[in-house]
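Worksheet: the structure to be examined is printed underneath.
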């Protein structure tokens, strides 16, 4: 076994070294070809004037390989070469987030021949990303996402210039990163970054293609297009115009907590690429003169995708910029200086989930301690959603999902004994609440105590600190982590 | 969950997306029309206690696929949700 795994390791290293050499050769070739083509691209304007070679040594604005590579899209009537391919080649696109949205978006943006592509991501590849983040592969687990993405994109199309920004977008670095590009794709995963990216796009007059997805649903919206200065009502609305108030932090669900179907987020990322290509090819990176004069505002819409619905696509019409918008109206409170100095705290604006420490230490138990008292009479209440409970649960636990405690559909019956409490359970037997990570369990513990289930302190109710993740770390290393 | 329902006479359809759908455990339902738009959140709060603060206040709302302002400065407008209308509650989704 050992010698087999050693020779497998040696082969893997050999393959990696050979691939690296091949990539280097491809990069060199691309550079040679690019410098050849660059001469004919000089002076090409984004709004698409006639292209004239600067000298007679070559007649064509694209390389031979590029005619073949982009031929199938260049012969689409709405694309063409002058307005289409050459504009793509001379444009630059920033993709913020190399995850479920950013991966498919980047693949099509690179495939289409956008000249410069930046990828921003501070994360590293994890196994749980691979079902949807199609630029990363099993062998890339642990690698920087921005670098993993670019190594894929280079092998797909070596022609564009790729720039890796291996950090998260922040108020401090946002201007420096975004100002180098013509167009931005928001492929991030949290409210704070969505408001930040929208604000910086407004300040720097960049059109923004924003998408999001959760479970089996997605949203797509083109913002700040046309990208007119704050106060110009003919400009496209920004994220704050559509969603002026961030959702309460505790209601924000991530893909890690709520789940995501790979092709659903894939569809949304692919649609972002479509919108980006449309903006570039239609010459809308900068506003056209008649819009600048305020003659017409372009209607904006939001596309909603619900994979399970009999009508999976719905488009809703939005209005133009919101009067009084904090970012893009004439009353804008934004400035690049304010952004740099940190006077806008996006994390604070979006709120912090308050569940971090709801309970006192006396109301919590370590997973290892709980393992020791499993023999005693008690109730273990697992408050994960049923789909998670079905994947794995501790013997003897009962499942009442967190959502069932969240008001809404089921009103609280304060003071009454809940129907899920086994009648056989002695009145003073303790109740242990567990969830995946130890946040929801605290909230539920608090609610149970407030409803009087602890009989004024006679019954101990508390949670398992760190949830089932801690159980895996402290008690059972074979516990499935999903 | 019911996927879609057709409003009968004297009713309108309301669609719940994302967290609005989780909160109500429904994708859509039928409510009584006519209903002044300004009473929409109140009506939903009665049915789903807590939904206003936890979900609705950060939502985009549309009537027949058109944006409407429920809480903003121009909320004074007298829009009435009519029989057969389709109202959508669209919370921001930020994950991806």
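Placed from the backbone N, Cα and C atoms, the Cβ positions cover glycine too.
Pulled from TrEMBL, these are the features on record:
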COILED    A:1-35  coiled coil
BINDING   A:100, A:121, A:128, A:129, A:130, A:131, A:132, A:145, A:189, A:190  ATP binding site
BINDING   A:238, A:241, A:325, A:328  Zn(2+) binding site
ACT_SITE  A:255  active site, glycyl thioester intermediate
DOMAIN    A:374-480  domain 'Rhodanese'
ACT_SITE  A:435  active site, cysteine persulfide intermediate
Sites among the recorded positions A:100, A:132, A:189, A:255, A:328, A:435 close to chain B [C-beta, under 8 Å]: A:100, A:189, A:255
Cα-to-Cα gap, residue A:238 (Zn(2+) binding site) vs residue A:189 (ATP binding site), nearest whole Å: 18
The one of A:238, A:241, A:325 whose CB sees the fewest other CB atoms within 10 Å, among these binding-site residues: A:325
Residue counts (helix, strand, coil, in that order) that DSSP gives for the domain 'Rhodanese' (A:374-480): 32 helix, 14 strand, 61 coil
DSSP state at residue A:130 (ATP binding site), helix/strand/coil: coil
Minimum Cα separation from residue A:325 (Zn(2+) binding site), reported as the residue among recorded positions A:100, A:128, A:132, A:435 that achieves it: A:100
Confidence summary for the domain 'Rhodanese' (A:374-480), mean pLDDT rounded: 89
By Cα-Cα distance, the member of recorded positions A:241, A:255, A:328, A:435 nearest residue A:100 (ATP binding site): A:255
Residue among recorded positions A:130, A:255, A:328, A:435 with least C-beta crowding, 10 angstrom cut-off: A:130
